Amino acid sequence: MQWSFVQQPSSLTVRRGENVTLTCRPPYSRPEADVSWFKGNQLLSPAVNMTVLPSGDLFFHSIQEHDGGVYFCRASNSHLQRFLTSRRATLTVLAPPLVKLWPTVLMVPVGAPAVLECEVSGHPLPSISWMKRGHSKQTGGKVALGQRNATLYIQSARIYDEAVYVCEASNVLGRSHSTALLRVAVSPIIVTFASRVSSTAGSSVVLPCRAVGVQPITYSWTRAETRSPISRTETKHVDGESWMRSFISTLSLDATTCQLCLIHNLCRKWSPAHFQSSAFGCRRVRLYC
């Protein structure tokens, strides 16, 4: 067995997805030398996209970033009880950025924190920037950017924070971006209500209740003392806002109680027990006859 390789591996820089061959031609011997490959100091095993050719070369099909590293080959002849190790070669895999932004739709109640995570891959390591409606979202104030700008953190969300946010990553091979929608939900507020209604026994009574806030708003009427629901109601929409009226077709003495108009919207799902007062609207009306 001779003391030198016919051809040794050389360092390569390639792009992700290419087919790549690291060359290793062992010394001439009888019987022929066996070739094994190492990455770092670990012996390589056959993989889906990697195989050792009969010539001794290491072949990669559609190389990926994780295939990058330092490689060397070793020629051995068990009959001669000899082996020879090649020089080391660095395989560098370049990749354009890939961006995944999540969640893609985030809804938070007003005043709550909002966090968007931007997961980026690529080589060389991409730089990350954020845009809001086409304008750069700079660090400062209540908006903070995490490590490598991969996290956008809004400490206390406000209505004007509601927008489409863009995470963009770039390196020498190109750029990529992903978008997410941030919605800020506001608890509904009752703006139209009759706190006292007087009528005669046997007549019909209409109790108005109107609220503003993030749609859809759900209305319900109950009797204050018994919490029993009032089933005959009508809801209508005017200029994007909801109205609800409670009908009492025949007013009797047992109707001279407080009626509660209860409202809630999507804010409710985020409201802890001690915060429900800001997620629900409740107004009382007393009927007189």
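The backbone N, Cα and C atoms fix where each Cβ goes, glycine too.
For 3-92 (among others), the entry in TrEMBL reads domain 'Ig-like'.
According to TrEMBL, the feature domain 'Ig-like' maps to 97-187 (among others).
TrEMBL lists 188-265 (among others) with the feature domain 'Ig-like'.
Confidence across the domain 'Ig-like' (3-92), taken as the mean pLDDT and rounded to a whole number, stands at 94. Across the domain 'Ig-like' (3-92), the DSSP tally of helix, strand and coil residues reads 3 helix, 41 strand, 46 coil.
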